[in-house]
Amino acid sequence: MAKLSCSYLLVFMLVFSAILMVEKVEGEECRLTIDKATPCHLSDCRLSCYTGYNGVGECFDDPNVPGPDNCGCRYNC
């Protein structure tokens, strides 16, 4: 019976520590429009976002910036 209780305690501790680690990893996500002067090329956008902000670059239409597509960067703040 003591072995069973110890096993339950160990499993509970592992699950609890995993939950705590997941909460730390989840952060606030920021979004920034980069390179507003030129049209978006996906490969260049992803490269500049990754090197500058360690994020994911994507092309989207920003209504505040003139032009068809702009490069946006999503990254952890």
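Even glycines carry a Cβ here, placed using N, Cα and C.
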| Per Swiss-Prot, cysteine bonded by disulfide to C59 (from C40, C73, C77) | C40
| query | Of the candidates C71, C73, which does Swiss-Prot name as forming a disulfide with C45? | reply | C71
| field | Among C30, C73, cysteine joined to C49 by disulfide in Swiss-Prot | value | C73
| said: Of the cysteines C6, C77, which is paired with C30 in the disulfide recorded by Swiss-Prot? | reply: C77
| message | Cβ neighbours within 10 Å, counted over all protein chains: which one of the disulfide-bonded residues C30, C40, C49, C71, C77 has the most? | response | C71
| query | Which Cβ among the disulfide-bonded residues (C45, C59, C73) has the fewest C-beta neighbours inside 10 Å? | reply | C59
| query | Say you check the Cα of C45 (disulfide bond) against those of the disulfide-bonded residues C30, C73, C77; which is nearest? | reply | C73
| Nearest of the disulfide-bonded residues (C30, C49, C71, C73, C77) to C59 (disulfide bond), judged by Cα-Cα distance | C71
| task | Compare the C-alpha of C77 (disulfide bond) with the C-alpha of each of the disulfide-bonded residues C40, C49, C71, and give the closest one. | result | C49
